[in-house]
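For reference, the structure discussed in these notes is given below.
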């Protein structure tokens, strides 16, 4: 019996020969992200020198004998990579090299994400959902969206789910409960060390009793100090320990993010993602990709409004916004050039 007669969807992963993709592709192809009865055509894009490696990844995907995986298309050409897409997961970016100025990193990535945004505009479906993972993810996402003006801004998001999952897990470990007993943490702002992991609205199910994150942890100085810096600097800590950046956890976060876009968030729960800030109710400047708490229904996100923001939170939210404004303004000078 064929597993599904549904039309396959086309899913692109860029940086497909890299280590995040290696942890990600199996989960997508197996049905963990877009559903157990949704056939998939996987399009794998990377730069030309990586094509031999990509062939090895294709072999392995074939060797998994996954019934939902209808076709795998390895390519180094954007006109092939971006054609008729339903979903695009943009993992590939220029990594920061030793001694590289942040400005130079931005310039290199503006060029990449301008090209990819233009390719989305020209070749992809207008309904495509685009997730930007490659860093600096928020600003790369903004550049891609500006380069694809006919695709709604709402269709673009960047990954802060890894930070969200890190925050959730840190609270769970501290309280001594499973991570799914912690919900509604928030990551505000940039996917960088200025991000603000916020527990003021979190709920912890502590042995059958729901309580606030602050009450459950019962250590305000930790929540306003080491907890925040641990989440902010977790990526660097992983690199220091593994000599490689987070891949398994990044891939898991990508799966969580895309699954929630496809199937929605559970009732009464929100997640964090970087989205277009214009028109928000939290005093965040317009025209940024900024991480907010969102609820998702029918593949459409909505910012969770009306959460009280104290002075401590306000300062942290403004600090990460200022970094994003500066990044955007620098990037836009390169985009115009």
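Any Cβ shown, glycine's included, is placed from N, Cα and C.
Remember, TrEMBL labels are computer predictions, not curated facts.
What TrEMBL says about this protein:
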DOMAIN    10-156  domain 'Lactate/malate dehydrogenase N-terminal'
BINDING   46, 109, 133, 134, 135  NAD(+) binding site
BINDING   96, 102, 135, 166  substrate binding site
DOMAIN    160-334  domain 'Lactate/malate dehydrogenase C-terminal'
ACT_SITE  191  active site, proton acceptor
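All protein chains shown were included, and the count of other CB atoms within 10 Å of the CB of residue 109 (NAD(+) binding site) stands at 23. Here the CA atom of residue 46 (NAD(+) binding site) lies 18 Å from the CA atom of residue 96 (substrate binding site). Residue 191 (active site, proton acceptor) and residue 102 (substrate binding site) have their C-alpha atoms 14 Å apart, to the nearest angstrom. In sequence order, 93, 95, 96, 109, 191 are the residues of the chain that are 6 or more apart from residue 135 (NAD(+) binding site) and have a CB within less than 8 Å of its CB.
Sequence-distant contacts of residue 46 (NAD(+) binding site), defined by Cβ-Cβ distance under 8 angstroms and a gap of at least six in the same chain, are 14, 15, 16, 17, 18, 53, 54, 74, 76, 92.
Across the domain 'Lactate/malate dehydrogenase N-terminal' (10-156), DSSP classifies residues as 67 helix, 27 strand, 53 coil. For the pair residue 102 (substrate binding site) and residue 133 (NAD(+) binding site), the C-alpha distance works out to 17 angstrom. Between the CA atoms of residue 166 (substrate binding site) and residue 134 (NAD(+) binding site) there is a gap of 18 Å. Listed in sequence order, 20, 89, 90, 91, 93, 158, 159, 250, 254 are the same-chain residues at least 6 apart in sequence whose CB falls under 8 Å from the CB of residue 133 (NAD(+) binding site). Taking a C-beta cut-off of under 8 Å and a sequence gap of six or more, residue 134 (NAD(+) binding site) has these contacts in its own chain: 14, 15, 90, 91, 92, 93, 94, 109, 112, 113, 140.
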